[in-house]
Each structure stands twice: as structure tokens, then as C-alpha cells.
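Undergrad: Annotations per Swiss-Prot:
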type: ACT_SITE; residues: SER36; note: active site, nucleophile
type: ACT_SITE; residues: ASP318; note: active site
type: ACT_SITE; residues: HIS321; note: active site
type: CARBOHYD; residues: ASN24; note: N-linked glycosylation site
type: SIGNAL; residues: 1-21; note: signal peptide
Amino acid sequence: MFRGKIFVLSLFSIYVLSSAAEKNTSFSALFAFGDSVLDTGNNNFLLTLLKGNYWPYGLSFDYKFPTGRFGNGRVFTDIVAEGLQIKRLVPAYSKIRRISSEDLKTGVCFASGGSGIDDLTSRTLRVLSAGDQVKDFKDYLKKLRRVVKRKKKVKEIVSNAVFLISEGNNDLGYFVAPALLRLQSTTTYTSKMVVWTRKFLKDLYDLGARKFAVMGVMPVGCLPIHRASFGGVFGWCNFLLNRITEDFNMKLQKGLTSYAVEYDFKDAKFVYVDIYGTLMDLVKNPMAYGFTEAKKACCCMPNAIIPCFHPDKYVFYDFAHPSQKAYEVISKPIVYQIAKGLA
């Protein structure tokens, strides 16, 4: 059933994007916040073990060069930005990097691989927390003002930009780890995650953000790393972890619906991005989309130290990240959803 939904929405997205003007007129820029699903290289400049700037990452990227993206090529940030007719690549925003004026005006990425909406997750992995990313966005605004020179123009760019957010994947992954169990139930924790997400969105709103595309959590129980640790020789998904994920996603979706009518978020628009359902459809029906492997990773696992020859045939490139091809497939209905919901 979901497969048909992806197919129909893909046709709609092709029509919408092809019938639009050659240059995007709906969105001024795209800003990405969150974790490794969106990180385009910010962790390169951090003292953390979570990096994607070495072989075999980037094998399908331009010049086959690792950039810090956690995958074989472009990541979800890049693919959504291109689908929305903004630009093909979204650079990582690091305060020690020089970014062109054009990139400053059309969007950058603040996401950090390993980040969580729970500060403890980010501190444990020594990556940028949600609060750190907000601080970086404030710093970015100063640079944008120097480039644009007009406050009104800065406000227009930010208010008409898509704020793409992916948080929660690492929080839920580490919540079930015995060493990091909190003294609370999973339902209590997922409710707290929604509260933290609201604060994060409000911080961005107060800085001018108005168009939010907020991603749910992936089916983390079906990631290769959890299949290997939970599923044994059969490679089963961790159904418990998926249930916790579904609980959070349901609460997040309800929260976004309520935020849209709150005075605190006046004039803001929210789209819930169902990456759980779209990615799960690929996991359950890989051959329908041209994939031959949905359980194992192409690389970076004990049973796949050397990368596979055809990453486009794998749903997952490494232990926890979809391949570029998988991102391209699931992005089609999502781009249509964002374009329609935030226009």
C-alpha cells in the first residue's frame, strides 16, 4: 500500500517540479539542522570519532572524494535542496570555513553527525548539540548581514527558507543502550523529546524561521547495526526499538499540528516528513525500487569491511545510513510534500 503511495506521489512531484519555473521561486534557501542524515561535513572540524571524511565514504560523490557526508555520495540535505530547485550541494557551516556569498544566501548545513535533541546524546558523542547549532545559526546571520547589507533582505531570505530538521535518531538509538538508560519509561522519554523539539523550533522561529520541514525518526530498529546485534543469523529488525520510534513519531506529528495554530508560532508553517514510512517501504520491498539488499550494509560493518561494488543496489551504505540511491528514491514524494506544504 505504501509502495503505491510513493509511486503516485513521485508522479505528482515530477509534475510539480517540471511545471515550475526553471529557477525556484518559492524558497530562498535551505538550512539543515540535526544529525548525520543531514550533516554535509561539520564533524570534520570537531574532536569526535564520528566522521565521514575518510575512505570508503564519498565513493559515489563528485571526484569520489570523502567530504564528511555519512554515505557513498550526496545526503538527504543535498537531494532535497536540489529537488526544491535551490541548489545541488549544501555546504557545511563551520565557523573556520570560508563560504561563498552565494552559498550564504541560498543556505548552509548546521547538522552534526551523532547529534540528538537530548543534550546528553550530543555531549556523550562530542558533537554539536541542538543548542550549539542554534548558536552557529546566529553567527551565520551576522555573516549574512555583512553580505546582503540590508536587514529587510536578510529577513526575507530567512523567512522564505526551508528549515530541514532531523533529530531523534541518535537519542532513541542510545536510549536502549544499557549504559545510557535513564530512570524513566520510554513513553516518558519520547514525550520529553517532543518538548525539547518544540524549544528547538521556537529558538529558530525567534531568529526568523517560518517554514519548517521536520523529519520523523527513521526505522532505527531496521538499521544494519541493530539487525546485527538483535536479529542474529536471521537479521530481524529490533521491533522494540521500532515501537519506541513509532511512539515518538506519532507524538511529534501531533505536536507539529498543534504548533501550527499556536500564537507562539504565528505565521509559521510545519510539514511532518515521514522518513520512517518511506524508508520502511524500501526495506520491505527493495526489489520494487531496484535494490537487491536491504538488511546488510554495503560497507563499514564487520561483515563488510571492504565496500560493495554496487552501492546503488543497497538500501544502506553503512551501519546506520541510507545510500545515495535510497535517499533519491524516498526524496521524491517528500520533496512534493514540502513544496506543497510550505509554499
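Glycine too: its Cβ is placed from the backbone N, Cα and C atoms.
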Undergrad: Let me know how many other Cβ atoms fall within 10 Å of the Cβ of the residue listed as 'active site, nucleophile'.
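TA: Here the count is 27.
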Undergrad: What whole-number Å value do you get for the CA-CA distance of ASP318 (active site) and the residue listed as 'active site, nucleophile'?
TA: 12
Undergrad: Give me the count of other Cβ atoms within 10 A of the Cβ belonging to ASP318 (active site).
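TA: Result for ASP318 (active site): 26 other Cβ atoms within 10 Å.
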Undergrad: For the residue listed as 'active site, nucleophile' and HIS321 (active site), what Cα-Cα distance in Å is obtained after rounding to a whole number?
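TA: The residue listed as 'active site, nucleophile' and HIS321 (active site) have their Cα atoms 8 Å apart.
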